[in-house]
Amino acid sequence: MSNKKADSKPQSRYPVNLLDTPFPMRGDLPKREPQWVKEWQERKVYETIRAASKGRKKFILHDGPPYANGDIHLGHAVNKILKDMIVKARNLAGFDAVYVPGWDCHGMPIEIQIEKQFGKSLPAAEVMQKARAYATEQIEKQKVGFRRLGVLGDWDNPYKTMNFTNEAGEIRALAKIMEKGYVFRGLKPVNWCFDCGSALAEAEVEYKDKTDPTIDVLFSFAEPEKTAQAFGLNALPRNEGGIVIWTTTPWTIPANQALNLHPEIVYALVDTSRGLLILAQERVEACLKQYGLEGTIVATTPGAKLVNLRFNHPLASAHPSYKRTSPVYLGDYVTTESGTGVVHSSPAYGVEDFVSCKAHGMSDSDIINPVMGDGRYIESLALFGGLSIWAANPQIVEALQGAGTLMRTENYTHSYMHCWRHKTPIIYRATSQWFAGMDVKPNDTDRTLRETALEGIENTAFYPAWGKQRLFSMIANRPDWTLSRQRQWGVPMAFFVHKETGELHPRTLELLEEVAQRVEKAGIEAWQSLDPRELLGDEANMYEKNRDTLDVWFDSGTTHWHVLRGSHKDELQFPADLYLEGSDQHRGWFHSSLLTASMLDGRPPYNALLTHGFTVDGEGRKMSKSLGNGIDPHEVANRLGAEIIRLWIASTDYSGELAISEEILKRVTEGYRRIRNTLRFLLANLSDFDFAQHARPVEDWLEIDRYAVALSANLQNDILSHYEKYEFHPVVAKLQTFCSEDLGGFYLDVLKDRLYTTAADSVARRAAQTALYHIAHGLLRLMAPFLSFTAEEAWKIFEPNSETIFTETYHAFPAVPEAGALLDKWTLLRAARSDVTKALEEARVANLIGSSLQAEVEIRASGARYDALTSLGDDLKFVLITSAASVVKVDSEAEEGVEVIASKYLKCERCWHYRADVGANAEHPTLCGRCFSNLFGNGETRSAA
């Protein structure tokens, strides 16, 4: 290390070994960090790490790609820094831990941006061109933000889902799952956003409160004789009345095609002034009260007896086109928790309705589907044609009132599906889409996709463990995956479909490979510009190009295929060791990646999943613009330093919500300063130490040095076990405790006298420095994953010839003989020292002494404490930082205690100890004998401290 002594202070006649270091007390992080970012970039530090790690066992943390749109926010910072800490910790643990960042580039948000800037009438080719340019610009902006946070990775060669190689890889992945038999086309209700004009993935749906009119509606008897028989009656007392349903979606009434009852629920035939009403028996009292009616139950029967009975559509008298009947089907999903116990079924607009009607033989062509993709009814729909469904709600209520079939209406606030992009309500809408079948058995295994995925979850490690059940439940209960989207900026489902039959071309798999080869050279634009005749020849007139694009979750969900084993196969590998994202990704990237890998490989693409929580303010509130409680990581980095953000993340239990506020950041900053001060002390007191020249073997060390190194080695083992389990907050807590209590509050405090006052090249001082050298080596490496800037800054002073701390591995501490016994002994000694410190403080408050060195102490001790204290001999006073110390043996703990007296001797000018031999040498009347020996003689001898 460079020897930089403090030359600004006047030289004392009796100098001490007070050294300095270029490592400043003030971090000045906002100024210094960008310099390190620049240096790491210019010196290609990431590439240096890769070269140093070559040949080691790989550790692959596969980056879940953020979307290439907008500035990075605090959630991005949490995610990327957690990944960075893990990758750095694994590199230091001796792995070749590669980090290739990625970006998700296709999809609606970018397409919306292009529409906003250039309108909706751009030709497809221009949309593609501008979308690529926009995504590239956003990626470069985000890249700068991530680098500023100290995240090291292959920033010059990231993966992008819009790279031609990756787009082609997705098409090949699609071909593979088609070849295995997972993909089918069908009419099904899917999440549909009117603003997107497209189907949505489950992960693109969020729930917010919405107020709608609820209605109780009467479907009048169409088969009174059969109804009477079902209730065990010869005839109905009268034919007026019918069955009553309750719904929160009046707009679905025009498309009603069935009624659902639970087979085991008991239904009552109730005589009222509005006629005979069929209601679930459990709901009769509540419903009649709501309708303002009184009634008598005439008969009861289980739902199973009412199956296939028919009732008239409630708008039959309002317009002839509604003169149809709705049959009763049975459904286990019907409950009596609310409503009437009868569910009206519009198969085009409900998954359960659809499944029920299909199970009872309804064909796709029979399904009534009057709502268009923009949310308006088709013009030909009687009474409501051309209206948006939301605008039609009150008109439908009015029409039912006029038809005499409205029993009741009121406004109802409920949690309802919304598009996560547009924040507008969405619906289930039956459309012809391409699906991956969850319960399809492919042609290469007898297990369904659902079964394969669930088995994969069982074989995956989860951090924290609760993530397992969450993902398991989602997979167990999810519907088929809607793969297709109706947009432009996305990877095409590059099929040729027969114009008359709708069938795929018989050479579809071969054609997909042909398209993939073109896309690999020219991007997805190659499909847009492709003339079918190029691939189909004379058959081209019979086929049309499928216009659907792949769900963007298929883009990112297949990165294990087109990145790990595609664009970056030389750096990465399959399966990844770890996927790490926020808890929302159980229904997002974790989910889609599991499904695609289960289809392609029969196993998950990851060995472990790590989930982190979301950021909240100091009061636990979600951050939002309306509350004004958002914190910008860029602003914090420029004001306090990215290191403070990193330390905050590392010190917070990420398995729950991560709370942040100015007060929290203030506490983190104070903690950072304590760590920095510890490093400064270590570096300053090692600035005249050259390991090759000055290091002393363990047998030359004083006992307290051996203890400190054994304690450091124990700490390292403890911390490495936490790193192994991706637990960072215990690492920070233990390092901070070590710095403030074990080092600052004890070892370094005791060491100052030896470092400053013994001869510069004495065995005692060099032994202390050797211990400090090992402690510094260990400490810097242990903190490097989270305090990356600070560790690198200190490292370049500590080991100036080393390229970077990140090519190192964790320090190999020298073995300390009988370390366990030593640790136990010094635990006793430190407890005794705490008692002495307390007694000294009481003496100071009583004005008996000033500093602790003005004191002489007598300790009464018994048993093991007595043995430990007396074993230190004359060095005990150094451990206690007093001028003298003696130990008196007593028989029991009850008799133990500490007596403090003020020393009657003079104070040494140099070491500040009060000693009888101060002035013993006439030529140096202000020196004690110890300092005289250290300066002019052979030096004092120490054994313990």
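Positions of Cβ are set from backbone N, Cα and C atoms, glycine also.
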Need the matching range: Swiss-Prot marks motif ''KMSKS' region' on one of 272-276, 622-626, 652-656, and I'd like to know which.
622-626
Where Swiss-Prot places motif ''HIGH' region' among the ranges 66-76, 132-142, 660-670, 935-945:
66-76
Cα-Cα distance linking GLU581 (L-isoleucyl-5'-AMP binding site) and CYS928 (Zn(2+) binding site), given in Å to the nearest integer:
64
From binding-site residues CYS908, CYS911, CYS931, the one whose Cα lies nearest GLU581 (L-isoleucyl-5'-AMP binding site):
CYS911
For the motif ''KMSKS' region' (622-626), report the average pLDDT of the model, please.
75
If you draw a 10 Å sphere around the Cβ of GLU581 (L-isoleucyl-5'-AMP binding site), how many other Cβ atoms fall inside it, taking every protein chain shown into account?
21
Could you break down the residues of the motif ''HIGH' region' (66-76) into DSSP helix, strand and coil, giving a count for each?
3 helix, 1 strand, 7 coil
What is the Cβ neighbour count of CYS931 (Zn(2+) binding site) at a 10 Å cut-off, with all protein chains included?
27
Go through CYS911, CYS928, the listed binding-site residues, and name the one with the sparsest Cβ surroundings, counting other Cβ atoms within 10 Å.
CYS911
If the Zn(2+) site is taken as the center of the Cβ atoms of CYS908, CYS911, CYS928, CYS931, which further residues of that chain fall within 8 Å of it by their Cβ?
THR757, GLU909, ARG910, TRP912, HIS913, ARG915, VAL918, LEU927, GLY929, ARG930, PHE932
